[in-house]
Amino acid sequence: MRIIFLLIALICAGLVSYALYLQLADGLLPCPLCIFQRMAYWLVGITALFAFIHHPQRLGRRIYCGLIILFSLAGAIVAGRQAWLVRFPEAFECGISPEEAFLNELPLARWWPDMFEANGDCTDGTWQFLSLTIPDWSLLIFLAFSLIAGLLWRSRSISSSNLK
């Protein structure tokens with residue numbers, strides 16, 4: 001069970017690293033919704049890493065899984081919104097969004113602008129893999145994290161089943 005938390009943390013680190021690669025090497029600028037998703041990946045990954053290090057019993061595991069579900073569903077909502085905007089760009093208002101102004105004023109954006117500064121277009125769907133855009137993949141991954149955390153939340157640990 002512990003290894004699953006480590007895998008989630010490593011997947012999150014890989015996804016955030018790949019997002020930085022797309023930004024810095026390919027010039028794909030992140031929009032405000034992309035930054036919110038990055039933050040959600042950070043929160044899911046750090047929570048999973050803490051769960052791996054802590055190796056909690058049932059109550060602690062449920063707390064960690066609950067946080068992963070919460071952060072993953074928040075990320076899924078944002079990714080779903082962006083996936084919708086990519087398909088229906090006419091629904092997006094031009095100009096600087098309140099989210100962009102808010103994000104760019106956060107201390108994180110000043111401390112690490114490459115990671116947390118938003119200056120891209122939320123309707124940009126140019127990058128695709130297997131006919132799915134980045135927000136589509138992000139939505140699927142966040143939902144998968146929620147499902148996995150839900151299954152871990154419900155599961156019994158091997159040690160507790162041996163005690164009965």
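Note: Cβ is positioned from N, Cα and C throughout, glycine not excepted.
Feature annotations, courtesy of Swiss-Prot:
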TOPO_DOM  1-4  topological domain 'Cytoplasmic'
TRANSMEM  5-21  transmembrane segment
TOPO_DOM  22-39  topological domain 'Periplasmic'
DISULFID  Cys31-Cys34  disulfide bond
TRANSMEM  40-56  transmembrane segment
TOPO_DOM  57-62  topological domain 'Cytoplasmic'
TRANSMEM  63-80  transmembrane segment
TOPO_DOM  81-136  topological domain 'Periplasmic'
DISULFID  Cys94-Cys122  disulfide bond
TRANSMEM  137-155  transmembrane segment
TOPO_DOM  156-164  topological domain 'Cytoplasmic'
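Taking H, G and I as helix, E and B as strand and the rest as coil, DSSP gives the topological domain 'Cytoplasmic' (1-4) the counts 3 helix, 0 strand, 1 coil. Summarising the environment of Cys34 (disulfide bond), the number of other Cβ atoms within 10 Å of its Cβ, over all protein chains shown, is 26. Mean pLDDT for the topological domain 'Cytoplasmic' (1-4) in the predicted structure: 86. Residues in the topological domain 'Periplasmic' (22-39) partition by DSSP class (helix H, G, I; strand E, B; coil) as 11 helix, 0 strand, 7 coil. Taken residue by residue, the topological domain 'Cytoplasmic' (57-62) breaks down under DSSP into 5 helix, 0 strand, 1 coil.
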